[in-house]
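Now, the feature entries from TrEMBL:
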type	residues	note
DOMAIN	72-278	domain 'ABC-2 type transporter transmembrane'
TRANSMEM	93-110	transmembrane segment
TRANSMEM	122-144	transmembrane segment
TRANSMEM	165-188	transmembrane segment
TRANSMEM	200-225	transmembrane segment
TRANSMEM	237-260	transmembrane segment
TRANSMEM	308-330	transmembrane segment
Amino acid sequence: IGPDFIHSVEQVESTEQEQKSVKDALISAYEKNISTRLKAELCNSDVNSGMNAKEPSARNDKSEQWCTSWWHQFKVLLQRGVRERRYEAFNRLRIFQVISVAVLGGLLWWHTPASHISDRIALLFFFSVFWGFYPLYNAVFTFPQERRILIKERSSGMYRLSSYFLARTFGDLPLELALPTAFVFIIYWMGGLKPDPVTFILSLLVVLYNVLVSQSLGLAIGAILMDVKQATTLASVTTLVFLIAGGYYVQQIPAFIVWLKYLSYSYYCYKLLLGVQYKEDDYYECSKGVWCRVGDLPAIKSMGLSHMWIDVSIMALMLVGYRLIAYMALHRVRL
């Protein structure tokens, strides 16, 4: 450490400039003298070993010289991703977190009577909220944490971005859908919802559908910002807006801001869960000896139980759209 602070700062800056100039010189020397010959040797060795490869001389763009097929890259990345993330997805803390929330929720809504329809509606909204936000916060960290590895491996020409992204997408499916399935199995029957196997399976599918959409939004936010703090902040604001506009807390939203609820996937999940459990012409005991129509209940009347396939289609557009945004954002990452 130099005795003079200014002198030490200047010394550090000059050292950084020297390191940067050395690094640039090494990169340019590699590209001019070694890169083409090395890739040609690797590709030739892969062809000789029976792999499906193309000679780099057949392509003009160096970034498109792939020594392995897209399918081979996808398989290797898928196997690596599953092996790496299975411990993260099924660690004891996450399992304890999900199972404890499911058991606690099941005890709070223990065998809710059919006449307590407001409590049952609250349970369905809890489904849409918990599995709308929990996967999102987990997915936000994905690409910012893998940024350095992605840059390093793609800079060396290991694989295409499409093979990496699709391997990540398909590899996450069994890992991300196992815990929601266990959650619904526990709390659905403890909460005393409609004891019908078809209704249960449809409710489970809606929840899993919601998990995929929320995870897609988390991946998009993380890929766009590529910074954990900024992505977490944006995710917090987004989930708060979706929570308020989900159709449970505020049933009569002012006309100038009503469009917010149509951006919320929690709104569509909540509506689909209501449509699975109830029909507008069903009846419940609203007071002793008095039966009321489900469609006339204000909480359900404001949501509506018709046009369910439109809601499914909108969530499908969100699922595909958020994933495409994440994929395009990863193209912006400088190698």
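Placement of Cβ uses the backbone N, Cα and C atoms for every residue, glycine included.
Beyond the ends of the transmembrane segment (200-225), by six or more residues, the same chain brings 127-128, 131-144, 172, 176-177, 180-181, 183-185, 188, 193-194, 231, 234-235, 238, 265-266, 269, 272-273, 276-277, 312, 315, 318-319, 322-323, 325-327, 329-330 to within a C-beta distance below 8 angstroms of the stretch. With a threshold of 8 Å between CB atoms, the same-chain residues lying at least 6 positions outside the transmembrane segment (165-188) that come near it are 73-74, 77-78, 81-82, 85-86, 89-90, 94-95, 98-99, 101-103, 105-106, 109, 123, 127, 130-131, 135, 138, 142, 200, 203-204, 207-208, 211-212, 215, 323, 326-327, 330. Nonlocal intrachain contacts for the transmembrane segment (308-330), taken as residues 6+ away from its ends with a CB within less than 8 angstroms of a stretch CB, comprise 143, 150, 161-162, 165, 169, 209-210, 212-213, 216-217, 219-220, 222-224, 262, 265, 268-269, 271-272, 275.
Sequence-remote contacts of a segment are chain residues at least 6 beyond its ends whose Cβ falls under 8 Å from one of its Cβ atoms, and for the transmembrane segment (122-144) they are 98, 101, 105, 109, 112, 150, 168, 176, 180, 183-184, 187, 191, 193, 203, 207, 210-211, 213-219, 221-223, 225-228, 231-232, 235, 238-239, 242-243, 246, 248, 265-266, 269-270, 273-274, 277, 326, 330.
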